[in-house]
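Undergrad: Taken from TrEMBL, the feature transmembrane segment covers 12-39, 51-74, 80-99, 111-132, 138-158, 170-191, 235-258, 265-294, 306-323, 335-360, 415-432, 438-455 (among others).
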Amino acid sequence: MGLKFRKDVVLWSIIAFILNLIIFGIFTFNFAVGLIVFGIVGLKIIFYPKLFFSFFIQIIFFQNSFIAFFSGYIESTTHFKILHGINYAVPVLLTVLVFKNNTHYFYKNFYYKSLVLLVLLLLYTLFGAYHFGLLNSIVYLRLFSTPLILFLAGIYFARTTNIKFMNNSLFCIFFICALVTLLQFLFPFYLSFILNDLDYFELKKNILSWDDLMAYYRSKPLFNLSWMQIKLVRIGSLIKSFISLGYFLTILGIYFYWPKKKLYFFLIVILTLISVNSKGALVFAFFTVFMYYLLYRTNLSNGLSMVLYGISNLLFILIGLNSQNEHILGFFHGLNYLFTLGNGLGFGGNLSNSLVADYMGTPLKDLGYYTRFQNGSESVFGVLFASLGIFSIYYLYFFFNFYKRISQKFGGLNARFNVLKILTIILFIQGIYQEEAFSPYAFGLVMFLVGVNYNKTYDQTEII
């Protein structure tokens, strides 16, 4: 598959960028007018599939940069937080459209299973909002529903837009993001000035000066390990979130470069290492390459390969448990809630300010730094089990069944499909280790890629 900056890709990308800039500018100065303009643009743009796709991927993945451009004019943190919900509202609206015409996109069986999952999440959102506040609950509704919603968005575009255009458009934003990441690593002050990062992080982190921002970039040791003495610049590029940037670059690096252009992929890994130094993204990259070699470079059966992958994860978990790693502690503490009815979304997690042991408000045991991990924080599955209780089993069933389905759909020797199968299972299991694993830039991105490829075929000569 040839990847290049085609004229139509560049043209539609520029138009989409201008539209997004205008829309976020209007949202900044007058939210009500922004909604009207956004609605008008949305109703028009849907009839131009290439423009709509370019607009969509920019608003999903680069929303924070658009917000940053206007952050100096945002008057309150509440307004700032609401603007961050736009890249969730857009795929949700698209999901409504897909569900309305569900027989055009997928089988009835999948429609009903998806509907059950979303209704379950909504019910637990309402329950959680009553006990822990609406914002806490909505944040975790977004986290747990984003992978499915972005898959449905991908399915929509697979029906309306050419696969070559979509891949070239995705490559375009990937290349630009990687380039900006490299430049910001080399020249952190100048690139941060151009991206208006100080105004953005003043609202997000209460950082008030350039010196404080540069210190914030260097505030964590390598891989966030306290015993490491090495401190590199840790920047957010066009995404603004360090960990999410690591996943975004690594996932698209694998998607576009593995296995045919391994050198390019390893260059992306090195870029991620020096500019983000996220353990999660590197563990994910390791497991992806490990699984690829087990499945397609050895004579081992798929079943045995999965067993070896499971054993590798078990070793990671045991090492983490022995070292009192917060991600593993969050996972096991959340597991304690599995056979309850759950506490509602917003009960636990990094993005919630709730610090209670149950929905009745029982205080957590004071364990100092480790207190907040008692309700599942730092692990997607820890938060899932603590929030949904026994009903989290349906969530697990849904995605394992989904993986089984795409394994059948993406059969054969096509390298792109094989990579997508591996990415899906690795990112799902990655939820044990990190909450960010289910963000739009991680598992959400993978599910979107699965969606846009779901009804497409590649030349079968593009083999392993």
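Keep in mind that glycine also has a Cβ here, set from the backbone N, Cα and C atoms.
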Undergrad: Would you say the transmembrane segment (170-191) and the transmembrane segment (111-132) are in contact under the rule of three or more C-beta pairs closer than 8 Å, pairs 6 or more apart in sequence?
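TA: Between the transmembrane segment (170-191) and the transmembrane segment (111-132), which are separate recorded stretches, there is no contact, as judged by 3 or more close Cβ pairs.
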Undergrad: Using a cut-off of under 8 Å between C-beta atoms, tell me which stretch among 51-74, 138-158, 235-258, 306-323 contacts the transmembrane segment (415-432) the most.
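TA: Ranking 51-74, 138-158, 235-258, 306-323 by Cβ pairs under 8 Å to the transmembrane segment (415-432) puts 235-258 first.
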Undergrad: Among 80-99, 170-191, 438-455, which stretch has the most Cβ pairs under 8 Å to the transmembrane segment (265-294)?
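TA: The stretch I would name here is 170-191.
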Undergrad: So which of 80-99, 138-158, 170-191, 335-360 is most in touch with the transmembrane segment (438-455), counting Cβ pairs under 8 Å?
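TA: Per the Cβ under 8 Å count, 138-158.
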Undergrad: Kindly say whether the transmembrane segment (170-191) and the transmembrane segment (51-74) touch, using the definition of 3 or more Cβ pairs under 8 Å where each pair is 6 or more positions apart.
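TA: These two segments touch.
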Undergrad: Out of 51-74, 138-158, 306-323, which stretch touches the transmembrane segment (235-258) the most, going by CB pairs under 8 Å?
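TA: Stretch with the highest Cβ contact count: 51-74.
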Undergrad: Quick test of the contact rule: Cβ under 8 Å, at least six residues beyond the ends. What residues does that give for the transmembrane segment (138-158)?
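TA: Distant Cβ neighbours of the transmembrane segment (138-158) are 49, 52-53, 56, 60, 85, 88, 91-92, 94-95, 97-99, 105-106, 114, 117-118, 121-122, 125, 128-129, 166, 345-346, 349, 351-352, 380, 383-384, 387, 395, 398-399, 435, 438-440, 443-456.
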Undergrad: So if I exclude everything within five residues of the ends of the transmembrane segment (80-99), which remaining residues of that chain have a CB under 8 angstroms from its CBs? That is, six or more out.
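TA: That would be 24, 27-28, 31, 42, 56, 59-61, 63-64, 67, 71, 74, 105, 111, 114-115, 135, 138, 142, 146, 149-150, 152-153, 155-156, 203-204, 440.
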